[in-house]
Amino acid sequence: MARISNFFRTSNTSVAATNEIPDNELHIQIESMTEELTGSSRAINKAEDNLDTGSRRTAGTASYIFLFLFYLHLLAAVVLIAYLTICGLDYSFSRENTHNFRPLDWYLPLLASSGCAFVIAFSWVTATLCNPSKTIHTVFWLSPLLTFAVGILLLLIGSAGGLATSVIAIIFALTQSLYACWAAKEINHTTKIFSLSMAASVPSARNLDSFVILTGSLMAATIYTWLSVSGIGGATATWTQFDPLYIFAILLSLGWTMQVIKNAVHVGISFVSYMYFARGVEVDSLWAFRDTWRYLIGNICIGSILEPIFAVIRGLACAMTAITGDTDEFMYKLLFWCCSESSIDTWEMFRRVGMESVVDSDLTGSFCFLCGVAGGSMCTLVAGSWSLAINKDHATEISIYAFLIGYLMSRITMAWSQGCVSAYYVVFAENPKSLRFDTTIPDRIQELQQSSA
């Protein structure tokens, strides 16, 4: 949510003025109607100027450095992957192959899981657009079931690593089930917010453009996933003393690249939704994504590194604060620092209008996370079962890599939903009296205040 407030704050200066028109002055009504008919193009042009100006302002030295590092790391990763792939294939077909590594048994299950991840990721966002309520309810109960099935599959594989991972998967499945029971009372509000916020995706032209963005993003992610699988397979085939480090480096590269793609989609869709709710203007999604990639990609590269770190620290701080009753001064300051440094302006807006508790209780992040877990679990069941049937020597590793692929691909498409919800909350916080909003958020604020009283 901080991305919207930080990047596009300059586009909200006239929102409040356009929402209330005096009924007793005819000439004001005529001027307002004329402005409404002719103002869309001016608003889009102004939005473009605002985006460019704000983007140039935020694009400092650090963003250019990280952008350079991102492209440099991609080049280095491709070179490393090519080297490992060639060495792995050469070793696999040589007489010195003592690791029982067969390339087809490795690559085919993982390539199939990548294809499944593409389909599953698109299915999540399509189902969310068509029927948010059923999709959210389904995911909250489907994810623990699929995770439990993954645990059973890893038990059947029978390796030491598989047994350890299966225990983790089963415990995680039980944790998800308990969380789903706890979150059941919050799901109705989340589905209502989803239905309202996804209204920015209803117009067909913008909807089609957004699907084009998602398709291109998923294709880029799939290609890089295939490259990563190829390099990891080569390192697994030779398995020298440095190959574990190579695999770790490839996984880090895959995670960073996927995060950059996801956050770029998030920022682009957020701006489209922001302009829709704040001004009623339909901004071209392709234009928004193009300018996001042109002007903000350096900041996105930085955020893609810091976001997972802050998420872990903030989650730890929240847990410790809940356990200690908010008496641990160190953890409290840690929690405040993680929030304020990244999104202080946005959270100040939420606090000013009493929305903090609403945002904290929102299940959008949990829903998107569980979509990723469910997608990763389905890919694991596909690749792991295939590997178990033909050659179980590497079935555990294949299952883990398939889960990562499915999870990361699903999170890319769910950035669409997350961006729409983020924009909806931010625009409401900026102008709660806007006629474009109903009483959903005020009613929720009142409900939470009554429950905490």
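Counting begins at 1 with the first residue displayed.
For all residues, glycine too, the Cβ spot is worked out from N, Cα and C.
Keep in mind it's a predicted model, so treat the numbers as computed, not measured.
TrEMBL annotations:
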- 64-86: transmembrane segment (TRANSMEM)
- 106-127: transmembrane segment (TRANSMEM)
- 139-157: transmembrane segment (TRANSMEM)
- 163-184: transmembrane segment (TRANSMEM)
- 205-227: transmembrane segment (TRANSMEM)
- 247-276: transmembrane segment (TRANSMEM)
- 296-323: transmembrane segment (TRANSMEM)
- 363-388: transmembrane segment (TRANSMEM)
- 400-427: transmembrane segment (TRANSMEM)
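Tertiary neighbourhood of the transmembrane segment (247-276): same-chain residues 3-4, 7-8, 11, 43-44, 47, 51, 70, 73-74, 77, 80-81, 197, 199-201, 206, 210, 213-214, 217, 220-221, 224-225, 228, 231-232, 235-236, 282-283, 285, 288-289, 292-293, 296-297, 300-301, 303-305, 307-308, 404, 408-409, 411-413, 415-416, 418-420, 422-424, 426-427, selected by CB-CB distance under 8 Å and a gap of 6+ residues from either end.
Between the transmembrane segment (106-127) and the transmembrane segment (205-227) there are 3 or more Cβ pairs closer than 8 Å, counting only residues 6 or more apart in sequence, so the two stretches are in contact.
Away from its own ends, the transmembrane segment (163-184) comes close to residues 140-141, 143-145, 147-148, 150-155, 363, 366, 370, 373, 396, 399-400 of its chain (Cβ-Cβ under 8 Å, at least six residues beyond either end). Away from its own ends, the transmembrane segment (64-86) comes close to residues 227-228, 230-235, 238, 243, 246, 249-250, 253, 256-257, 260, 297-298, 301-302, 305 of its chain (Cβ-Cβ under 8 Å, at least six residues beyond either end).
Panel annotation: around the transmembrane segment (400-427), residues 1, 3-5, 12, 15, 109-110, 113-114, 116-118, 120-122, 124-125, 128, 150, 165, 193-194, 196-198, 200-201, 210, 214, 217-218, 221-222, 225, 229, 232, 251, 254-255, 258, 261-263, 265-274, 276-278, 346, 349-350, 355, 358-359, 362, 364-365, 367-369, 371-380, 382-384, 434, 441 of the same chain, lying at least six beyond its termini, place a Cβ under 8 Å from a Cβ of the stretch.
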